[in-house]
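Student: Questions regarding the structure given below will be posed in turn.
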Amino acid sequence: MEAHPTPPPSPQKPQPDQNPDPNPTAKQESTVEPGQITCPADLVVVRSLGSGAWGRVVMAKIANSTSLVAVKVFHKKEFSLTGEMSQHELNTEKRHLSRLPWSPFLAGAVTGVSDHTNLSLVLELMPHGSFHHLIDRFGPFTPTEACFYYCNLVCAIGFIHSHGLVSRDIKPANFLVGPDGYLVMTDLGIAERARAGGLWQDMGTIEYMAPELIQQGYTVGTTVDWWSSGVVLYEMLTQTMPFKGHSEQLVYHNILMLNYQWPENAGWGNGLKHIISRLFTYDPEDRLGYSGTSQVMEHPWLSHVDWTWMRDRVYEAPWVPGGTEPIGKWHSQAMPTSDSMGGMKVRHPPRHLRHDRRFPDREFIVNDQDSGLGLEDADGSPEPALSAVTDDP
């Protein structure tokens, strides 16, 4: 018989005469007004953040301003090659983001602009890379570190669910690192309204898909996101995927058969194994999260978390970005050409900051040499931290 999960110890609390100070580096609501950006010419590209078959993401400065934003640039010529899906995803994401209130756990939309070359979505800027990159760089995480980041996921997923949306694509690449080290959800391109009797199939990224997204005949709801969150939790603890295979069909098979293993000698306690196994429950109606976000928050493995502190971003993140401002960092990717950016101007960096593919890790060496797990606050005093997750092995 499976042992009941043992709750971890409570986190450190302030003394009665102390109140946790607001995190000065926490993500703040954007001060950029949509009226500041009326056309692509109002934006100056200063950095490339990523690219794909459909286009790229860039950092841009608003003309006659010091404000920086992120811009998803969709190349119109690619729509004819990739079908209508990319344009549909752009329109879907813009529609969903415009209807949602601001949240510190979601990269909100500022506006949309277009020209003869591109369709562009302007978003709040999170310039410190993706959670996928963080796992790759610093993983595997300890249970305590993983607990912090998983709580970030819970806050973000709970927010969109409370507004009737299902992401359908929860994965580390769709979470960015904010200035305070907290995670911020991005990319609602295939999000959908939660509705009774919804039938979706083959939506999302294969390794993170819930069984009901693969197998026909199952009603699909919000629990697909909770399944995917379990995959992310497993991934950040191991730097591997729970359901893997050398082909898509084998990955599908392993998901449908719940074919995953606990890593040997990991020292995981009952509570951690229990929450993962509850998230990897085949029947969505029996899965953790079916009754709502509060069901996940109340799991014994998370019982030590002060959720008010987590939402207010009082806890110290395991890794806090540091170093120079984003616009002054060495470029880890080449700048786009002026032709590809349509009406946006492209400002190239000084020679010593330009991309050089011979040094792929230079950005971390130059800019993050003083950053690490558990940085202190500016005055030298540590912020409240989650206590160690030390449930029974």
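The backbone N, Cα and C atoms fix where each Cβ goes, glycine too.
Found this in TrEMBL, in case it helps:
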- 1-36: region 'Disordered' (REGION)
- 43-302: domain 'Protein kinase' (DOMAIN)
- Lys72: ATP binding site (BINDING)
- 334-393: region 'Disordered' (REGION)
- 345-357: compositional bias 'Basic residues' (COMPBIAS)
Student: Counting every protein chain present, what is the number of Cβ atoms, excluding its own, within 10 Å of the Cβ of Lys72 (ATP binding site)?
Tutor: 27
Student: For the residue listed as 'ATP binding site', which of the three DSSP-derived states applies: helix, strand, or coil?
Tutor: strand
